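Colleague: Sequence annotations record features per position, and here TrEMBL assigns domain 'P-type ATPase A' to 2-130. Look at TrEMBL and you will find 241, 242, 243, 397, 447, 471, 500, 580, 581, 582, 662, 668, 691, 692 tagged as ATP binding site. Under the heading active site, 4-aspartylphosphate intermediate, TrEMBL lists 241. As annotated by TrEMBL, region 'Disordered' applies to 350-376. Summarising the annotation, TrEMBL assigns domain 'P-type ATPase C-terminal' to 715-942.
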């Protein structure tokens, strides 16, 4: 074993199954003959789907791994970069002169895991140059608004320390060593600065996070950032993704339109019947020497398919008349189904224990009137009726492949070079049987967000026909396909039904056309400069005058509880924005079905805007529609922000709901940032995919949903929930409690420092401005720890309303965004309370004490502790047994201290009647007026939650 730290560029290593890749590699060989290997990349990009990686063809064809040491070759690689989805390089064999281009499919990035088989690779990047390390940038450090407000108050308190010390020095006079006295006063009054507040708040936040994660109603919630739970209590804008967040990301095939006819769930079985009826014709055409270029055959031809040693005879209609092929009825449906079964990146996953074999040794026999025609090779099937499972990078792809299997064309095998489809046919007695179709994969063009389409070129192994299939979004496919007069209308209709649409097309290529294309794309893939652009240009040259086959509609169902959750947020005064990369019509339909936009609510669609004049006209039109929801595309958003940013943001932030469609990940983060800067309000971003990470990290509170697109968003979020409906309780209940509790805790910690500083200031002023500490040693340490820490910290258990009330009356959440629980107003109120109570305690002790200085300490300190405990009790709104225990425990600790700390307290005086009544009178005067004020305020101007009772 060699540690990864010892690896160098140029080393060759072998990675076994379930082993982590230690460095960035170019894949040279795999244990699979086809040169393919699957890797798990969830620790790199958060995606849980396996990725297919391909070995360099020039090295994969070597007989064994040791032959790698006998070749003269070199690898050219680009400079290190952080893009994990692209790579440019070349592999050159100097002895043979062969050269092949390398892309990301030929690489294994560090921290990925080999999912199956064995991989042999050459190290190309190590250490800080690997993709994983270069993508490990530190996330943005988020500071909660409450922390910012406390920092501001702390600055005020620091100025108060300096100001109070300066006043004392001015009264004392700047004679003698005045700077020493000044420094002493600063030390004596430093208790104003709440040093222990940070510790208390962090402990409280940890407790709030524990409560969130252990709430049985929102099981699965994970708090990844324990520093900002209070942010959930002050959210004004929620920005959410659509697919996988509001919807389940469980795709169900709902509709297919063929131009002249449309099929849905009610008529899908007709397509299945068509496939079975056409099976003999298709299988005979796919057999070598029969289909493709034509041929002649007699009437009444029959197909014999051997299955489990029982011949199956199917009579089919003649397919050819002279040299012209006549398509039988249902051929359009067959072409559409075949295209969907071939044009994808889906890989079937089967159990290795299944007793399944595919053989090519059986025969196809055609006979007519007793005569026997030459025997030709076809496929024989021995397969158990096993339901296949599929692996793909998109659930849309799996939904399409599963549907083709339901109607009779099943993907059962695939590697990098070939694909096998299993086709249901019909026996003579009405029973069903299966036949096989094999296709050679010549080229594969994966889907990209830039092209918005994917394609594949395949060769029918039987007929030899080469076909280029392409599918993609209607916005890009409209200009590619022919005879598309119905496409735009039907695509809009499906989108209004909330379906995700894909346009499917094909183009039959001759051998000459394909050979020319292969030459050009091979040259483009070998290019070192502008390789991506050159490859795209070659592919686009083929995407011309394609035959439109069908338009598909896939439904992405809403998640459970989305509608009531959005209604709760809307009633709570939270404005919800939907930011999605989907098309406008689909986004609008989901917004209406989820009730993000109310049924009776007006909707203004700000359509395509490309110039400043158009943007000005659209914004003026929207300005006249008060109370309407806004729908805007990403392209129009860019134009509006470029020319009319303040005006657009003013209108959009005032809108009850906004839907931004066709948004890129960068635009999503930009929208969040613009809302933050324009409104100054707190934002919460919710998403489930890798394209939502930038938005989640930019928001004040990011919530990731662990969905079918992987864990990238979940890992990047400050909070992780299993479904969108948990957002309501996260904000309305836990967010409210976290903010209210932290605000109360902060006020009491500040009050605790202010009141004891007031006592010290009065004492120093009375005793000739002396800089002598009133309380010394253990009394000062015990004051902020043993005697008051537990009751004050127990405020994290307090709650003004129950969780049921918070959800039943979401309107109560509106008050939290105003920040009234902790503001400069409440701060100065507590300053006045501290000055009043500190003055009463100190002057009361000075008036009531007789002749011993130690009596002043005993009376004032005892009154101070009891006052603090009473103030906590007056603040509590819902008692918890631990709060009662904290009060009694602290009081008991202080009583024990009175008995054992003889150097601070006079034993005889402590147990006298005089001590008891003096402390009681002082405490009563310091607390009772405040209780009266609080009682009157509740009666005259009660808070919102009290009005409910």
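Just so you know, the numbers here start at 1 and follow the chain as drawn.
Quick reminder: no glycine exception, Cβ is built from N, Cα and C everywhere.
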Colleague: So which one is it: of the binding-site residues 243, 691, which has the fewest other Cβ atoms within 10 Å?
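Modeller: Lowest Cβ count within 10 Å among the binding-site residues (243, 691) is 691.
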Colleague: Per DSSP, how many helix, strand and coil residues does the domain 'P-type ATPase A' (2-130) have?
Modeller: 23 helix, 46 strand, 60 coil
Colleague: Could you tell me the mean pLDDT the prediction assigns to the domain 'P-type ATPase A' (2-130)?
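Modeller: A mean pLDDT of 88 is what the model gives the domain 'P-type ATPase A' (2-130).
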Colleague: Counting across all protein chains shown, how many other Cβ atoms sit within 10 Å of the Cβ of residue 662 (ATP binding site)?
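Modeller: Residue 662 (ATP binding site) is surrounded by 20 other Cβ atoms within 10 Å.
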Colleague: Among 241, 242, 243, 397, 447, 471, 500, 580, 581, 582, 662, 668, 691, 692, which the record lists as binding ATP, how far apart in Å are the two most distant Cα atoms?
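Modeller: Per the listed residues, the maximum Cα distance equals 26 Å.
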Colleague: Which secondary structure state does DSSP assign to residue 500 (ATP binding site), in the simple three-class scheme?
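Modeller: Strand, per DSSP.
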Colleague: Using DSSP, would you call residue 691 (ATP binding site) helix, strand or coil?
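Modeller: The residue in question, residue 691 (ATP binding site), is helix (DSSP, three-state).
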Colleague: Helix, strand or coil by DSSP: which one applies to residue 241 (ATP binding site)?
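Modeller: Going by the DSSP assignment, residue 241 (ATP binding site) belongs to neither helix nor strand, so it counts as coil.
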Colleague: Tell me the Cβ neighbour count for residue 500 (ATP binding site), meaning other Cβ atoms within 10 Å of its Cβ, over all protein chains shown.
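Modeller: By my count, 22.
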